[in-house]
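Pulled from TrEMBL:
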| type | residues | note |
| --- | --- | --- |
| REPEAT | 115-154 | repeat 'WD' |
| REPEAT | 158-197 | repeat 'WD' |
| REPEAT | 198-225 | repeat 'WD' |
| SIGNAL | 1-22 | signal peptide |
Amino acid sequence: DSSVLFFFPYMCLLSLLKTIESNWRCGRHSLQRIHCRSETSKGVYCLQYDDQKIVSGLRDNTIKVRMLHHGILMAWSAYAINNSVLISVTPTQSLVSNPSLLVWDVNAGEMLNTLIHHCEAVLHLRFNNGMMVTCSKDRSIAVWDMASPTDITLRRVLVGHRAAVNVVDFDDKYIVSASGDRTIKVWNTSTCEFVRTLNGHKRGIACLQYRDRLVVSGSSDNTIR
């Protein structure tokens, strides 16, 4: 039954969130404070992590990478860029965006590529398995093919939102985008053709995640759908 398949990921997610909340409330956790500020830091803008590292983007125009070794935090590495940062990370690459996109080698700390397409700030990006999707304040979504960190080409520009596109997510079937225009749009990953619009929020959508057949969105109307 397709309804059961749709319901199952949601129940797993709900169960996991309840376990995390219970562990936090009951003190079943170990807490370690990470100081990643610099002398001129204006706060942490964004952060991602995996089993090997924590990567943070700071408002002082730097990226800081801290490696993990058996759960123990090692020394920070810091990289300076020209604007506030948005990060998306794989084990070997990091992408940083302002109006342009910078591709870095995480291990060597070297900038490998600069991509210029959007005419206003890039607000979010995802990349996986040779494909990257970016979205911007300029109301557009760009789909990129990534043959290598130095060989990245623009495949298609998706236009349809009437306000800044705040967040994107995708898998091998669909690209899902959310905007300040209060809508979520679904696009075919292979053809980049528009599929449908999802309505329901009364104000702009700030965040979104898409897994399997489940889309979860959070809005300035103080609701999650």
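Each Cβ is built from the backbone N, Cα and C atoms, and glycine gets one as well.
Unlike curated entries, TrEMBL annotations are predicted automatically.
Mean model confidence for the repeat 'WD' (115-154) is a pLDDT of 91. Shown for the repeat 'WD' (198-225): DSSP residue counts in helix, strand and coil, namely 0 helix, 15 strand, 13 coil.
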